[in-house]
Amino acid sequence: MLNILVLHGPNLNLLGQREPGVYGNATLEDINRLLETEAQALQVKVSALQSNHEGVLVDAIHAARDQHSGLLINAGAYTHTSVAIRDAIAGVNIPTVEVHLSNIYRREPFRHHSYIAAIAVGQISGFGPNSYRLGLQALVHHLRENNPSG
Ligand code: DQA
């Protein structure tokens, strides 16, 4: 069974309380539950981790090399700053889909650049919690296209 790692970056533990006008009312737990339901429908396994620390996210990406066939990541603000996370994803060469709750291109100019986008299979941005659901669907579709037995 395909095993997907879901990584949530900094401040996403505050979802539900954090700038609800931008990020909505769903909590991280709600999003993980939604992903669990979608994973069952797609017949894949997901494991989710949230960290506010860049190095923890880098370590989790390295560890995924042996255990996971795909990565779904909302790197939060590290999207716009972290060459380390970009290099970790490129280094392990695991197919990756980047997601964002908000539409980063409708926001401040500093959010318009993503270090991850250029090495990801694709990016989904602006659909709230549904960005994660759509991202998981797209990632699983991509993995199955490339390995039909998955
Ligand atoms: C975010 C967008 C980022 O710019 C921001 O720093 C976040 C959340 C999103 O999901 O919309 O923390 O990744």
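Here the Cβ of each residue, glycine as well, is placed from N, Cα and C on the backbone.
A TrEMBL annotation is a machine prediction, not a hand-curated record.
Annotation for Tyr23 (active site, proton acceptor): same-chain Cβ neighbours under 8 Å, separated by at least 6 residues, are Leu15, Leu101, Ser102, Gly128. Positions annotated as active site, proton acceptor by TrEMBL: Tyr23.
If you look up TrEMBL, you'll see 25-52 marked as coiled coil.
In the three-state DSSP assignment, the secondary structure recorded for Ser102 (substrate binding site) is coil. Feature annotation from TrEMBL assigns substrate binding site to Asn74, His80, Asp87, Leu101, Ser102, Arg111.
The 10 Å shell around the Cβ of His100 (active site, proton donor) contains 24 further Cβ atoms across the protein chains shown. Taken from TrEMBL, the feature active site, proton donor applies to His100.
Counting residues 6+ beyond its ends, the coiled coil (25-52) has Cβ neighbours under 8 Å at 1-13, 15-16, 60, 68, 72, 128-129, 132-133, 136-137, 140 in the same chain. In this entry, substrate is bound by Asn74, His80, Asp87, Leu101, Ser102, Arg111, whose most widely separated C-alpha atoms sit 24 angstrom apart.
Counting neighbouring Cβ atoms within 10 Å of each of the binding-site residues (Asn74, Ser102), the lowest count belongs to Ser102.
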